[in-house]
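K.L.:
My questions will all concern the structure given below.
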Amino acid sequence: MKASIYDFTLKELSQLLKPSFRAKQLYLWLYAKYKTSFKDMQNNFSKDFIAYLEREFTLRTIEITHVRESVDGSKKYLFKSLRDNHTFEAVLLKMKDKKIDKETNAILEGEKYTVCVSCQIGCQVGCAFCFTQKGGFVRNLKASEIIQQALLIKEDNNLPIEKALNIVFMGMGEPLNNLDEVCKAIEIFNTGMQISPKRITISTSGVADKIPILAGKNLGVQLAISLHAVDDKTRSSLMPLNKKYNIECVLNEVKKWPLEQRKRVMFEYLLIKDLNDGLDCAKKLLKLLNGIKSKVNLILFNPHEGSKFERPSLESARMFADFLNSKGLLCTIRESKALDIEAACGQLREKKLSQQI
């Protein structure tokens with residue numbers, strides 16, 4: 001089976017293609033001009049080189065099979081692998097953006113886009129609150145399949161080349177359980193799509209022994225930890241992974257994470273009614289994160305079919321956040337985008353092609 005051209009970093013292509021400058025030209029066609037056929041690249045390449053590319057590589061290995069749009073402008077995408085017909089989802093989040101004009105000091109309003117990508121089909125972690133785990137684990141996604149999620153979404157929305165995206169690994173799967181492909185995808189996002197590592201966030205459920213491996217790669221990405229509880233008993237009931245990597249174990253590795261001067265590690269905390277949303281939990285969380293440059297992102301539980309958990313009130317979430325902020329721990333409440341199309345946090349899963357999304 002031919003290799004996908006999107007699976008190769010710029011360095012790998014430079015070593016493979018002769019002369020090596022062909023790699024940069026090819027990257028320009030792929031990631032700046034969105035060409036999906038080697039024949040469309042004939043302005044730069046000879047017929048013999050085009051024939052070589054067609055013989056050795058394939059381009060698109062996934063396709064969009066369905067799109068569902070939210071009232072807030074967000075979109076959920078169902079992708080199908082052209083190799084094995086398995087499906088997976090990704091989400092485009094559309095948000096308002098405000099910037100200050102440096103010359104006039106005027107406030108400029110615009111839009112910013114975040115693509116929430118999947119790195120696995122299904123998930124092995126088995127978090128009790130997450131819909132993804134309902135379908136079990138199928139396989140890891142290749143770097144090319146991760147990259148194409150962002151490319152296809154950007155094309156589908158006619159976003160200009162220069163329009164920067166934020167990439168968050170918060171879709172289906174645990175990024176640290178597919179670390180090699182995730183890291184390769186990040187390198188290609190950076191060198192191919194020109195997405196700064198500062199715009200890329202990896203969210204992990206806390207695979208503690210792989211956090212230092214990720215840190216050692218010096219990718220410059222942002223780290224987010226799915227914490228969701230302040231004691232091991234509660235966290236283990238929500239996240240079975242905690243039995244292997246408990247809270248203390250995870251936090252010990254987080255403390256070693258290299259941070260730029262103004263950066264913080266994000267801790268994601270899912271608020272579930274009458275389980276972990278009280279002020280007693282907020283006080284324990286404050287104590288847990290003492291000494292760590294951190295910020296807390298509160299997520300109100302997003303209901304899905306078959307779940308026993310309930311969404312807490314916005315009032316209780318605000319009380320939780322206000323307490324942490326009053327004590328000097330930066331805390332925000334995540335706006336639940338795309339809730340009406342079941343594309344919010346914890347609502348993605350593999351679907352049969354006959355199913356609606």
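Note: Cβ is positioned from N, Cα and C throughout, glycine not excepted.
Worth saying up front: this structure is predicted, and the values here are computed from it rather than measured.
What Swiss-Prot shows for this protein is this:
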ACT_SITE  GLU89  active site, proton acceptor
DOMAIN    109-340  domain 'Radical SAM core'
DISULFID  CYS116-CYS345  disulfide bond
BINDING   CYS123, CYS127, CYS130  [4Fe-4S] cluster binding site
BINDING   GLY173, GLU174, SER203, SER226, LEU227, HIS228, ASN302  S-adenosyl-L-methionine binding site
ACT_SITE  CYS345  active site, S-methylcysteine intermediate
K.L.:
Given GLU174 (S-adenosyl-L-methionine binding site) and CYS123 ([4Fe-4S] cluster binding site), what distance in Å do their CA atoms have, once rounded to a whole number?
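P.N.:
Cα-Cα distance, GLU174 (S-adenosyl-L-methionine binding site) to CYS123 ([4Fe-4S] cluster binding site): 7 Å.
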K.L.:
Looking at the recorded positions CYS116, SER203, HIS228, ASN302, which has the shortest Cα distance to CYS130 ([4Fe-4S] cluster binding site)?
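P.N.:
Closest by Cα: ASN302.
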K.L.:
Where among the recorded positions CYS116, CYS123, CYS127, CYS130, LEU227 do you find the Cβ with the fewest other Cβ atoms within 10 Å?
P.N.:
CYS127
K.L.:
C-alpha of SER226 (S-adenosyl-L-methionine binding site) to C-alpha of CYS116 (disulfide bond): distance in Å?
P.N.:
15
K.L.:
Taking the Cβ of the residue listed as 'active site, proton acceptor' as the centre, count every other Cβ atom within 10 Å, in any protein chain shown.
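P.N.:
For the residue listed as 'active site, proton acceptor', the 10 Å Cβ neighbour count is 26.
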K.L.:
Within 10 angstroms of the C-beta of SER226 (S-adenosyl-L-methionine binding site), what count of other C-beta atoms is obtained when all protein chains are considered?
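P.N.:
So the number of other Cβ atoms within 10 Å of SER226 (S-adenosyl-L-methionine binding site) is 26.
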K.L.:
Looking only at Cβ atoms, how many others are within 10 Å of the one on SER203 (S-adenosyl-L-methionine binding site)?
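P.N.:
So the Cβ neighbour count for SER203 (S-adenosyl-L-methionine binding site) comes to 21.
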K.L.:
Which whole number is the mean pLDDT over the domain 'Radical SAM core' (109-340)?
P.N.:
93
K.L.:
Could you state the whole-number distance in Å separating the C-alpha atoms of CYS116 (disulfide bond) and GLU89 (active site, proton acceptor)?
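P.N.:
Rounded to a whole number, the Cα-Cα distance is 9 Å.
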